[in-house]
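Feature annotations, reproduced from TrEMBL:
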DOMAIN    30-129  domain 'Cadherin'
DOMAIN    130-238  domain 'Cadherin'
DOMAIN    239-346  domain 'Cadherin'
DOMAIN    347-451  domain 'Cadherin'
DOMAIN    452-561  domain 'Cadherin'
DOMAIN    575-682  domain 'Cadherin'
DOMAIN    838-945  domain 'Cadherin'
DOMAIN    946-1049  domain 'Cadherin'
DOMAIN    1050-1159  domain 'Cadherin'
SIGNAL    1-25  signal peptide
TRANSMEM  686-710  transmembrane segment
Amino acid sequence: MRLKTCCLLNCEIVCCVLSWSLVLGQIHYSIPEELQIGAFVGNIAADLGLDLEQLSSRSLRISPGSRKLYVDVNFKNGDLFVKERIDRENLCASSLTCVLSVDAVLEHPLNLYQVAVEILDVNDNAPSFPKSQFRLEISEAAATGARFRLESAHDPDIGNNSIQTYQLLPNDYFTLDIQMHGGERKLPVLVLRRPLDRETVPMHRLNIIAKDGGIPIRSGTVQVAIIVKDANDNAPVFPQSVYRVNVLEAATVGTRIIRLNATDLDFGKNGEIIYSLSSHNSDIVWEVFEVDSKTGEIRVKGKLDYEENKAFEINVQAMDKGYDGVPSHCDVLVTIIDVNDNPPEVTLVSLSSTVSEDVPVGTVVALFSAADKDSGQSGHVQCQISERLPFKLDSSLKNYYRLLVDDLLDRENISSYDITLSCTDAGNPPLTTTKTIQVEVSDINDNVPRFSQRFYTANVMENNVIGSSIFSLTAFDPDVADNARLKYSIPETRVQNDSVSTYVSISSDTGVIFAQRPFDYEQMKNFQMQVQVRDSGSPSLTSNVSVNVIILDQNDNAPVIVHPLTEFGSTAVETISRFAEPGYLVAKVSATDADAGQNARLSYSIFQATQHNLFTISSNTGEIWTARPIVNTDASKQRLVIVVKDAGTPPLSASVTIILSMVGKDIETFSSVSSSSEGPASTPDLTFTLVISLGTISIVFLIILIVLAIKVHKSREAVGDRHCSLGVCCCVDTRKSLNGIQKASRNLQIPSNYIEVFGGDPLSQRFRYESCSTLQSMKTDFITSNTFRSSADNNFSRNQSNRKKSLEIINSQKCNNIVSSEVAVEILDVNDNAPDFPKRQLRLKIPELSMPGTRYPLESAHDPDIGTNTVQNYELLPNNNFIRGKLFGVDSKSGEIKVKGKLDYEEIAAFSTDVQAIDGGTEAVPAHCDVLANIIDVRDNPPEVTLTSLSRTVSDNAPVGTVLALFSATDKDSGRNGEVNCQVSNDLPVNLDSSLKNYYGIFVHHPKDHENTSNYDVSITCTDAGNPLTSEKTFRVEISNVNDNEPPFAQSSDTANVMETNVIGASIFSITAFDPDVGLNARLKYSMLETQVHNASASTYVSINSETGVIFAQRSFDFEKLKNLQIQAQVMDSGIPPLANNVSVNIIILDQNDNVPTFVQPLAEFGSTVTDTISRFAEPGYLVTKVSATTLTPARTLTVLIRCFKLARITSLLFHQTQERFAQSAILQIKMSLTKVW
């Protein structure tokens, strides 16, 4: 049946004028597990008070948190239905209540509801055992009533659907008892009701059925195989009690020294003998010898050393494989025969691993001892080292040596020495031990830095780049570390009265020399400087070297022609007779070049000539010769252009023009020399690249230290040839009851005066005692046979306080003397007591943070028996509620509970297990103790933050109270450790509110402007109580832009200057606006508002680009017609609604000189000449006429020029110029009396 409860809690928060309403509620449903997909859970729409239309409009969704989405909403009918198959056992394990919690989220406005779906258990699981068959071994000597706990079945269901009872099918030997474990779990226990007999029935098969209480009842069956184990009643026997053997000290590992053979009358495992070294042996015996457990062969296991142990006594134990086997012992006496097998031992007493290279001869470097464990000549030791080393050995005390410095050391030649100490004994053959020590020679600053050359020459091309590398030099110092760390510098010297530092500098670390100025070969050919290098030792050492810097010439000077000299113009004139013969020297051209070398080697050639075959020129001397006779047809004037070229790269040249006139003609002389360059005009860039390679030499020292660790054992006293001081008897005792029936026969080896009596017989026992002679006794000392009787009023019990009983034996010798002897009888234990725990149930409280290895004591089980019959082992029994071997374990010896894995209170808060104590006897009956472990919770889980709803984008005009996110914060810890408090940063425009425990809402606290911040990161910090643990979760909120900013101009008005007669369509101005919004809200469009300019639309004068704001002229402006105009430009963004802004642009037309002056007075009727008259008798100062001119450009100054053309009489006139507005006038007056002139 489905149950439904609904509880709604309304909470409203009002901030300023806007509000955020968050309705939180709790809805509860109950459904059984394993419903089909699509099964009805409840009508969540009705429970929320919503109709079907609101479900979609308000985007109802189910948020499962970190779990899988098991239920969902059907928007057609508002039902909550099963989306995934629900298995209660997988979802909640063995928890009594199983609740599936999800969140129902509504938007517009945002509401959150908690939906709890309780999953009810159905009986869908049958009980099952871990295995289909169990195997249990029980000794045939087990007592009636012995209990044996079995592994329990497991049923994942709960309540009545879980396991209720166990049933054992009928059999003759066992019954079933059900034991409660922890008050809840039932455990099956087998109870033995009659003795077992392995020989009659070696195996029993039992069927156990586990049943639950569900409807219908489900069950599971397991088969238990009971294996009856045999009892062991015979002990092994050795043929001898003592064996003697000799072994060489040099015997190798694995050498067999003796083979022992014991016999056992039992069969099967009880008759199979295992040989071993008994616990009575010393540690050295265990280290040196081993015995084969199957064959009884004793072999050498370790190294024999006569110097440590000359003899060994080995006690060997033989025991059958039965559970209650009684061991037998024998002694093997091993004598070691010495050989020379010990090399000398070298021990360093003192060592100076580092010595300075300036140590004096005789300094002690090391002190060591050399000893040999062998004796006699084999123990004499002689040590030596190589003679080629600057060291020697000195021995002033036996077996002690000093290693001394024998010669001067030089680290630069050899930085370290591997000194091998060789020590040899005097044995045959001799044994040698070597030991190598390494001695490092430390450096001192005893070497001056050296350059590879005594002086260096650096070639530098002139016109170099300032700061370029021109040379590099490197010094070497054979020292190391600071003693070899070099610094370069240039000592102060003078070069052409200037400091050398103004010419070059040097890198102190690399030795690279840089130019500080460009060099000019024509001014300076070379200079010398000193470079100093200094190491960083103490005291430091220095070295100098000379560097000769040679400036290399570059072809940067063109040739200069020095002959013929040209005084005027660019032409030189020479005369030549018409009758000159071929080879006649006409002229010689001489030139010089400031460069040097190839750059100054000149060559002459005729570039142009009036007649090319008439003259020739020497390319080296510049001499011009006639090449043929002059004929009448040759021109009287010959023009030659001579070019002088240097051999540089690129070549530079100069030219001269020579006019040759034939004799008899007048010659005008002009000379001009021009310089030009052939090839590229630009000087090639000179690039100097100096690659400086510095190598760092690393000295790698390989230190080989051989440490010989010799384990020294304390010498034991020599065993020697020993004989047992006690008499050893071989006795046969026959144990009989009074009725004469023989029960057992036992072969024993016992010392004198000692007899073993086994307890447990209910009646008195009769013993037959036969004495046998010791190694020193005689047969006649004793009577062959005597009998005695021991009467026991009560049974022998080993558990009584006195384990030993005294018996008196009367012996009569032949001489009728009475001799009495006391015999000690020891009662041996049998396994007749089961272990028992002081408490059948133990409760532990274990902190959650207990580290692996932490132990919790358990009261030990008590067993009155001793030896192997007492408690030998503790172990955990497996069950379905305890993870055995992963989280907990038990110490098999002490029974302490050990933590093995990581505990987690949040996963499992309590554990239960069963500790079993088992003795080592034949009829072992275990004891059980229930352990209930409660995990104490500690703060080890930080809060978990789960975002239920998130709005990643919010408008920057969102009202206060707008919900940004909903989240839950939980902590798996319990108590105060699970109390969580959350907060956000105070500097953010958001606030945090919680109306339901562990549920929070984040809403807008105050407006945020997108133009200031386009996004912000909201960090949620959740902290639990106490010594807190903190979790953080950060999400980013993007602020979407709204169109809330007008696009402003930089200024409200602007001025544009435009030259008249501009080109139509030319750009004359540009305006720019800026909108702090983004996206479409910041996409701007420019336009012109409609205005009138001289009765015409402004758009006929200018236009504007809508995208860029560039203003273009639509016509050519004329300053004389239009001086300026004003327009209104508008910018508008693309937002919704769009915002606009205006700017006023004043366009000023600039004048250009495009108008010619016009004479306005006197007026010329025809042409440009005006005639006027003047009286001859006019006096000085008389106004002759006035000339006036004007132009359309008012700011232009007019200038009237009167040019005299050799009219001397005009000097009697005076011309005076005046300035008027928009015109300029000139007055012509008489300067002197005209009668004097005319």
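Every residue gets a Cβ built from N, Cα and C, even glycine.
What TrEMBL says about a protein is an automatic prediction, not a curated fact.
Across 30-129, 452-561, 838-945, 1050-1159, the stretch most heavily in contact with the domain 'Cadherin' (575-682), judged by Cβ pairs under 8 Å, is 452-561.
Recorded stretches compared: 347-451, 838-945, 946-1049, 1050-1159; the one with the most Cβ pairs under 8 Å to the domain 'Cadherin' (130-238) is 838-945. Contacts between the domain 'Cadherin' (239-346) and the domain 'Cadherin' (838-945): present, as 3 or more C-beta pairs lie under 8 angstroms, all at sequence separation of six or more. Each residue of the domain 'Cadherin' (575-682) gets a DSSP state, and the totals for helix, strand and coil are 4 helix, 50 strand, 54 coil. In terms of DSSP helix, strand and coil, the domain 'Cadherin' (130-238) has 3 helix, 55 strand, 51 coil. Looking just at the domain 'Cadherin' (30-129), the mean pLDDT is 86. Residue counts for the domain 'Cadherin' (347-451) under DSSP, helix first, then strand, then coil, are 4 helix, 56 strand, 45 coil.
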